[in-house]
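Residues or ranges marked as domain 'G-protein coupled receptors family 1 profile' in TrEMBL: 29-269. As annotated by TrEMBL, transmembrane segment applies to 12-36, 48-74, 86-107, 119-148, 168-194.
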Amino acid sequence: MMTERPWSEAERWLLVAVLGLEMTMGIVGNCLVLLVKVMCRDQFSCRYWLPFLSLTLSDLGCSLLIISGSLVAILTGGQSSPWCEVVSLLKFAFITSSLGSIAILCVQRLISMASTGSVLFVVMVTACLASWVTGLVFGSVPVVYAWIRFDPAEMLCAVFWENSYSDMLLYILCAFSLCIFLPCILIFFCSLLLTATSCRSTCNSDDDAADLSSVSPLLVSFYMLCYTPFFVSELILLGRKDLSPAPDWLRTLSSVMSYLDCGLNPLIYCSHQDFREAGLALLWTNRKPSSEPVLTSITKRVNVFQTFHLPNNDV
């Protein structure tokens, strides 16, 4: 059985500051990314816009609903029903949709299929929707069977197993096999094949370097880094027949790191030069340009001053 250790005042306000920063980065960053993708889509190359859109919506939803929920839970001391169940359901949906979107992006890069009208495009749309629906389905199972309660360490409502080890084992194995392991296998093999084929096709590699999808290795790397504590904590639970959860510090770290990924992805997009320039151009669109260069304006002002204030030699 879990023993809950209350947060000290210093720890609580430190978490409030960290979550507040992550929430701000996630909301502001992903809103700007959506604006750039919609309003400046002609200023940068993005052949595989569908998984990017799905990933951005997932990150924005997590920042708006999940991170803010954890922040409020720390300040108020918990979460109440039905918000508790909604947060638990949506968190798993956002995790699976973001990982599924990255896997679809890797598959599209491998087969060089742009997000345009075709039969394969319909397949990719179906795959994106399937990642969202699968997350919602597996997220709703603990809600239906009342396995949800507030976890102070995770700072949100989470799944707790108190009676049946077999139920926990069956659920985690099914959920992780379909929602986690399958996308990870696709990402791994697609990355290997892309690395092997990039050396032989210099023309395609130049096109990929100019496309926004060139940041996909960074997306994969930071996703795996940020979600490693979450995966480890679930594996620890899977190996304990007494149904005791992972240590408090690991569960807290898993939440903080998974939230961080939502704010890092917009920064990763900005590492692409064309996307960064399009974003800067959008931010400065409403700034009125100067009617004349600064040096020309200064020269004119000096000439006017000399005309009216210098003595007239003809008088």
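Every residue gets a Cβ built from N, Cα and C, even glycine.
Note: the stretches the transmembrane segment (48-74) and the transmembrane segment (119-148) are in contact (3+ CB pairs below 8 A, sequence gap of 6 or more). Away from its own ends, the transmembrane segment (168-194) comes close to residues 92, 95-96, 99-100, 102-103, 106-107, 109-110, 131, 134-135, 138, 141-142, 161, 217, 220, 231, 234, 237-238, 243 of its chain (Cβ-Cβ under 8 Å, at least six residues beyond either end).
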